[in-house]
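Per TrEMBL, the features are as follows:
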- Leu12, Gly13, Ala14, Gly15, Ser16, Val17, Gly18, Ser19: NADP(+) binding site (BINDING)
- Lys106: NADPH binding site (BINDING)
- Glu191: L-homoserine binding site (BINDING)
- Lys206: active site, proton donor (ACT_SITE)
- 356-432: domain 'ACT' (DOMAIN)
Amino acid sequence: MTEHRTLRVALLGAGSVGSQVARLLREHGDDLSERSGARLELAGILVRDIDAPRDVELPRELLTTDAEQLILGADIVIELMGGIEPARSYVLQAIRGGADVVTGNKALLATHGAEIFEAADQVGASVSYEAAVAAAIPIIRPLRDSLAGDRIERIFGIVNGSTNFILDKMDREGLDAAEAQRIATELGYLEADPTLDLEGYDAAQKAAILASLAFHTRVSLDDVHREGIESVTADMIEDARRAGSVIKLLAICERIAADDDGDDAVSVRVYPALISREHPLAAVHGGNNAVFVEAEAAGPLMFYGAGAGGAQTASAVLGDVVSAARRHLAGGVGVGESARQNRSVAPIARITTRYQITLEVADQPGVLAAVAGVLGEQGVSIATALQTVEREDSAVARIVIGTHRASEKALSATVARLAANPAVGRVVSVLRMEGE
Ligand code: NDP
Ligand code: HSE
């Protein structure tokens, strides 16, 4: 058998993902040695509470609460604690101490990525984070390596498993939002702080990471336009179903045309949107994720699979560990972050897309014309219009308008004017329509 050099691996965190990483490192140690060319010795596992019950049995002598000591002398540090601090300080300490870092922490990278990548650049260390976006699905390496010779135009997809699970339950089983959320919580799909998922923060963190890589530009969480699924009701899902569509929480990263000053920009946004049931994303069920990448030469590519889960995410982490071990042995500098293009991130007002506006109006002559007039004044062109009356004796009608592509600015002005128009009782919902 080949004699391998030993690399010391420090694991920070033994929760859903960390415990699976520890298990696989120990169970597949020989295979991983063959693949990486190094014997990967699990030097210790940082936890908050050594006596906490764990799903995976871990040798007690490996558990520690002494981060400083564990990181000191490690060749590879795997950070799977989550959150910003102390994860940020430990990662920086690891890099400055000469270790390569593997992390699944999207919150950390989307807020402190620049600081971490700069620290790594200074010492030539690598920071790998395949698990940070779409868990088991290989998407970071394809963007960074496989597509490095192409020009990425657009990334479009479902990157949050728990909200997809909730929307899917509402769509397929007719549940209301509270019930679907209760089941998602019971199954452990939501983050400990569920607002991270429900309000779109988790998807926005992932969108920031994807856009940074794809457009060689630093995009942080604050740059991302974010809307979550809190406002999506069972009625909206039912309306979408009747119209042959489904509502999905989408992350969209795209290049957009130069502004008046001639500056190219990118748009990075997360919001619930309607897509046709014919679109492949409509078939992404449960907690799965799917990401479309459109590149100039490669054309459209689709990446699909498990977007969460301990073992699934551990697979992505271990892929990064093998790469980090190879780099550590080979020496040289790690693949740095490429932020050379530094494009501006455009405000949401600069995007154009199609919209669906649902209104409650008085069922009277001239109302449809008044509504059409408001859209016309703002230059928003109507593609479809459907009027329904729930009951024969009702004085209230519901109008569902689908627009052609319009600017977000024109759409906002239209909605404000519709809301103020005496013919309109209520603007029930406004949804963007994506995935042409
Ligand atoms: P968990 O909350 O399940 O586990 C966190 C672990 O870190 C626990 O073992 C905890 O210790 C330890 N820890 C947390 N804070 C400290 C601290 N201050 N000092 C020492 N130890 C600490 O998280 P997950 O495993 O779910 O997630 C880990 C990372 O992976 C996160 O960044 C997450 O966003 C990311 N990720 C998770 C996915 C998933 O499906 N779960 C998917 C993709 C990415 P103790 O056990 O003692 O409490
Ligand atoms: N909370 C995340 C999700 C976990 O629901 O997708 C995986 O990153």
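Just so it is clear, glycine is given a Cβ too, placed from its N, Cα and C backbone atoms.
Locations of recorded TrEMBL features on the structure.
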residue : record                    : Cβ neighbours (10 Å)
Leu12   : NADP(+) binding site      : 27
Gly13   : NADP(+) binding site      : 25
Ala14   : NADP(+) binding site      : 26
Gly15   : NADP(+) binding site      : 17
Ser16   : NADP(+) binding site      : 18
Val17   : NADP(+) binding site      : 25
Ser19   : NADP(+) binding site      : 23
Lys106  : NADPH binding site        : 27
Glu191  : L-homoserine binding site : 17
Lys206  : active site, proton donor : 28
| field | Packing count at Gly18 (NADP(+) binding site) (other Cβ atoms within 10 Å of its Cβ) | value | 28
| query | C-alpha of Gly18 (NADP(+) binding site) to C-alpha of Lys106 (NADPH binding site): distance in Å? | reply | 15
| field | Tally of residues which DSSP labels helix, strand or coil - the domain 'ACT' (356-432) | value | 24 helix, 33 strand, 20 coil
| message | Between the residue listed as 'NADPH binding site' and Lys206 (active site, proton donor), how many Å separate their Cα atoms? | response | 6
| query | Taking just the CA atoms, what is the gap between Ser19 (NADP(+) binding site) and the residue listed as 'L-homoserine binding site' in Å? | reply | 17
| In sequence order, those recorded positions of Ser16, Ser19, Lys206 whose CB lies under 6 Å from ligand 1 | Ser16
| query | Out of Gly15, Gly18, Glu191, which binding-site residues lie by ligand 2, with a C-beta less than 6 Å from some atom of it? | reply | Glu191
| query | So which other residues, same chain and not among Leu12, Gly13, Ala14, Gly15, Ser16, Val17, Gly18, Ser19, have a Cβ within 8 Å of the centroid of the Cβ atoms at the NADP(+) site? | reply | Leu11, Gln20, Val21, Ala22, Leu80, Met81, Gly310
| Cα proximity to Lys206 (active site, proton donor), best match among binding-site residues Gly13, Ala14, Ser16, Glu191 | Glu191
| message | As a test of reading the model: what is the averaged pLDDT for the domain 'ACT' (356-432)? | response | 92
| field | Mapped DSSP class for Leu12 (NADP(+) binding site), helix or strand or coil | value | strand
| query | Taking just the CA atoms, what is the gap between the residue listed as 'L-homoserine binding site' and Ala14 (NADP(+) binding site) in Å? | reply | 16
| request: Could you find out if DSSP has Glu191 (L-homoserine binding site) as helix, strand or coil? | output: coil
